[in-house]
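Features as listed in TrEMBL:
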- C63, C67, C70: [4Fe-4S] cluster binding site (BINDING)
- C107, C138, C198, R270: [2Fe-2S] cluster binding site (BINDING)
- 48-275: domain 'Radical SAM core' (DOMAIN)
Amino acid sequence: MTAVPRTPQQAEIRHDWTKQEVDALFAMPFNDLVFKAQSIHREYFNPNEVQVSTLLSIKTGACPEDCKYCPQSARYDTGLEKERLLEIEKVLERAREAKQVGSTRFCMGAAWRNPKDRDMPYVLKMVREVKKLGLETCMTLGMLSREQAVALKQAGLDYYNHNLDTSPEYYGDIITTRTYDDRLNTLENVRSAGMNVCSGGIVGMGESAGDRSSLLMQLANLPEHPQSVPINMLVKVKGTPMENVDDLEPFEFIRTIAVARIMMPAAHVRLSAGREDMNEQMQSLCFLAGANSVFYGCKLLTTKNPDTHEDVMLFKKLGINTERGREFSDEAHEQVLEEELMQAQQPDKTLFYDATAPRVADTQQ
């Protein structure tokens, strides 16, 4: 990632947003909102870079949860073919392919309520082996205990995804088999273990504008903002209870991206599921509104996603480059540590001033 120098005027990172403030952001004229979001985005990121990840389902279907949007729930007949936990070599094959096309992070998802003890040795080995390829690693396995989170961190996992999905107020209309507090507890376990948090939500599930405000307020008021905030547009799947829900107006989706960028200025805001049904113009407005992360590849777990070559062509039209990720093989990791040590040994010039420089009168009150 190209670092952007910090300035005294840089947007404040806050954790005390009120519902009234967030509602007011959503109510701004569209052009004003996008301008504000883009201005803040430029303070923290190169506006012409996008972080690219690849997502693989390592265990598909037969999930006991009742999330109404999800084709992987065992409660719905969606025609999804169930698959057991993939062999590690198959996972590594896909990870190598992902790196070859430019992904810097490899995400692995399993349709579990939570990983069982018998599964953890395989999962931990997946993390270690993918890390050896020089990729950042991410997993989404359901709820985690504190001990499981620590084990994943020790294996080298960089990110853990666990979405809040929607507002606390609307949550019970979508899911009944795990509570909102269950989700928050998992995020706390992930954070306390020292991993980066990936957490966002899904819009277009019939929620109100106020629910979208409340979701973003929950995320932004966490003790630390998620490093990655995926904003998903509902992908309606036949056989799920949400197959016939009304479409969300596209501008409302773009507004959600913009408000997320304003509220969590240093986070990567990911334009996630639903891109297959977005034209290039809508995706471009999302990038303008502050989205700076996507998934490469024709499938996100079980739903369609634009082919990689389509993304490459769009990025070329927009003048967007993909972020260069850190290499995390052993040799590269040692080099990163050496660079960070050298930087730490350099004096912080901001702590000193030039005493020989002429003094300028203070004209500001």
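Including glycine, each Cβ sits where the backbone N, Cα and C put it.
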C-beta crowding around C198 ([2Fe-2S] cluster binding site), within 10 angstroms:
28
Beyond the site residues C63, C67, C70: chain residues whose C-beta lies within 8 Å of the centroid, for [4Fe-4S] cluster:
E65, D66, Y69, P71, Q72, S73, A111
Report, in whole Å, the straight Cα-to-Cα distance of C198 ([2Fe-2S] cluster binding site) from C67 ([4Fe-4S] cluster binding site).
19
Taking only same-chain residues 6+ apart in sequence, whose CB is under 8 Å from that of C107 ([2Fe-2S] cluster binding site), what do you get?
S53, T54, L55, L56, T137, C138, M139, T140, Y159, N161, F295
Identify, in sequence order, the residues in the chain of C70 ([4Fe-4S] cluster binding site) that are 6 or more apart from it along the sequence and have a CB within less than 8 Å of its CB; answer 'none' if there are none.
C63, Y76, V237, T240
By a simple count, how many Cβ atoms lie within 10 Å of the Cβ of C67 ([4Fe-4S] cluster binding site), its own Cβ left out?
22
To test your reading of the [2Fe-2S] cluster site: which residues beyond C107, C138, C198, R270, same chain only, put their Cβ within 8 Å of the Cβ centroid of those residues?
S53, L55, R105, T140, Y159, N161, S228, P230
Cβ packing number for R270 ([2Fe-2S] cluster binding site), 10 Å threshold:
24
For C63 ([4Fe-4S] cluster binding site), what is the secondary structure by DSSP, using just helix, strand and coil?
strand
